[in-house]
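Notes follow the structure.
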Amino acid sequence: MSISAAGVATGLGANVELKSNVGSSSSSVAGVRLFTSRKAQLRRCAAPATSASLYSDANYDLNNYKFAPIKESIVAREMTRRYMTDMITHADTDVVVVGAGSAGLSCAYELSKNPNVKVAIVEQSVSPGGGAWLGGQLFSAMIVRKPAHRFLDEIEVPYEEMENYVVIKHAALFTSTIMSKLLARPNVKLFNAVAAEDLIIRGDRVSGVVTNWALVAQNHNTQSCMDPNVMEAKVVVSSCGHDGPFGATGVKRLRSIGMIESVPGMKCLDMNAAEDAIVKHTREVVPGMIVTGMEVAEIDGSPRMGPTFGAMMISGQKAAHLALKALGLPNELDGNYKPNVHPELVLASTDDETASA
């Protein structure tokens, strides 16, 4: 099949096409070899419940363009009603993922495959993605060491293949792709510009998070009467990154209340040791709270890994399956996992998934 670059690789030019043969893992854009899933194919499905547009005429006149009329109050009501409905829905949820960097997004994506699991993502920044919008030192390319490239195949992110690693031409391509797929799923809600100020603790178990608007959380020294809100959860996944003003907040709070002994911080950089250690030590550190991503290095003293991102993705996936295990659901760790995918939203990535969807 032939896919227009305008819809897949924006910025390559109107005359460039991304050609992909189903059953083949290679593609070519302007002479650069790219790779996508070997078995990827666009699946046809029933029309979604809501339409992308009420108007089917593509030949509109840009010189005399007119929008449909609307009352300002309708805009306010639509935004407010939906947000408040989401807050009510997720006031008591299955999993809260704190931090929407590459590990948190990968975790939420994996969890969202089960449409019966409610997932709330809490991100203090207006723009989710953490450090995954760029590679190292503000450079564009994202490096992912093998075999983590299989996750890129699943979510349909093109890359250039090298011997032991792959290169995504811009890190934003990964982040925007996984977010667009994840947030389209009805069992997921992203609460960005919201900070997790504290944890809900019952006995020896983490039972949710204390939330507030990020701007309030950042200005408690001048705003003394801004009480927070809460989200109860069966499982909290802390993916708050390495130490910083809003970094490693989950494990630092556990240390301050004596639920863990220490947070030694990450050691100096060693890419080869770091990525294996991050995935290996992703775990439930106390009942009800799983730690993933670079926050794992803070609690275990693992080396920092620098600008390689594979461990973030796989650590996030492992955290998701730890959460599924904690919920008593099928998971990869117990060897009984069969993803219940959203057939109307995802690209088939394996023959088995295609057959079961």
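Just so it is clear, glycine is given a Cβ too, placed from its N, Cα and C backbone atoms.
The structure displayed is predicted, hence computed values, not measured ones.
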Record-annotated substrate site (Swiss-Prot): member among A103, A172, A326 besides E123, Q124, G131, A196, D227, H242, M294, R304, M305, G306: A103
The one of A103, A196, C225 whose CB sees the fewest other CB atoms within 10 Å, among these recorded positions: C225
Nearest-integer angstrom distance between the alpha carbons (Cα) of R304 (substrate binding site) and C225 (2,3-didehydroalanine (Cys)): 38
Three-state secondary structure, A196 (substrate binding site) (per DSSP): strand
Distance [Cα-Cα, Å, rounded] between A103 (substrate binding site) and C225 (2,3-didehydroalanine (Cys)): 34
Cβ-Cβ distance under 8 Å to H242 (substrate binding site), same chain, at least six residues away: A248, M266, M294, E295, A297, E298, R304
Rounded inter-Cα distance in Å - C225 (2,3-didehydroalanine (Cys)), Q124 (substrate binding site): 20
Recorded substrate site residues A103, E123, Q124, G131, A196, D227, H242, M294, R304, M305, G306, farthest C-alpha pair in Å: 38
